[in-house]
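Novice: What follows is a single structure, and I will ask about it in a moment.
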Amino acid sequence: MSHSVKVYDTCIGCTQCVRACPCDVLEMVAWDGCKAGQIASAPRTEDCIGCKRCETACPTDFLSVRVYLGGETTRSMGLAY
């Protein structure tokens, strides 16, 4: 089972999701489109175990973890930006 983390425009740059992830999937990256100047990105989605701790930790419901199977996974990986 593979997972992809979708990102939206409500990130406040608090880093709660990064700290909550037990697999070090997330990291903060510079992003001019938000107040904080940084957002959570998921460059290591292959390490995601789907525990959704990042979702639970997020105060703005910024992250959405979805499970994708087979070929759909590779098409969906581009959503982690």
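Each Cβ is built from the backbone N, Cα and C atoms, and glycine gets one as well.
Remember, it's a predicted structure, so these values are computed and weren't measured experimentally.
According to Swiss-Prot, the protein carries these features:
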DOMAIN    2-31  domain '4Fe-4S ferredoxin-type 1'
BINDING   C11, C14, C17, C58  [4Fe-4S] cluster 1 binding site
BINDING   C21, C48, C51, C54  [4Fe-4S] cluster 2 binding site
DOMAIN    39-68  domain '4Fe-4S ferredoxin-type 2'
Novice: Measuring Cα to Cα, how many angstrom lie between C17 ([4Fe-4S] cluster 1 binding site) and C51 ([4Fe-4S] cluster 2 binding site)?
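Specialist: That separation, Cα to Cα, works out to 12 Å.
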Novice: According to DSSP, which of helix, strand or coil covers C54 ([4Fe-4S] cluster 2 binding site)?
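Specialist: Going by the DSSP assignment, C54 ([4Fe-4S] cluster 2 binding site) falls within a helical segment, counted as helix.
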Novice: With H, G and I counted as helix, E and B as strand and the rest as coil, say where DSSP puts C48 ([4Fe-4S] cluster 2 binding site).
Specialist: coil
Novice: For C17 ([4Fe-4S] cluster 1 binding site), what is the secondary structure by DSSP, using just helix, strand and coil?
Specialist: helix
Novice: Measure the Cβ-based neighbour count of C14 ([4Fe-4S] cluster 1 binding site), defined as the other Cβ atoms within 10 Å of its Cβ.
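Specialist: Total other Cβ atoms inside 10 Å, all chains included: 17.
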Novice: Pop the Cα-Cα gap between C21 ([4Fe-4S] cluster 2 binding site) and C11 ([4Fe-4S] cluster 1 binding site) into the table, whole Å please.
Specialist: 16
Novice: Would you count the other CB atoms within 10 A of the CB of C58 ([4Fe-4S] cluster 1 binding site), including those on all shown protein chains?
Specialist: 20
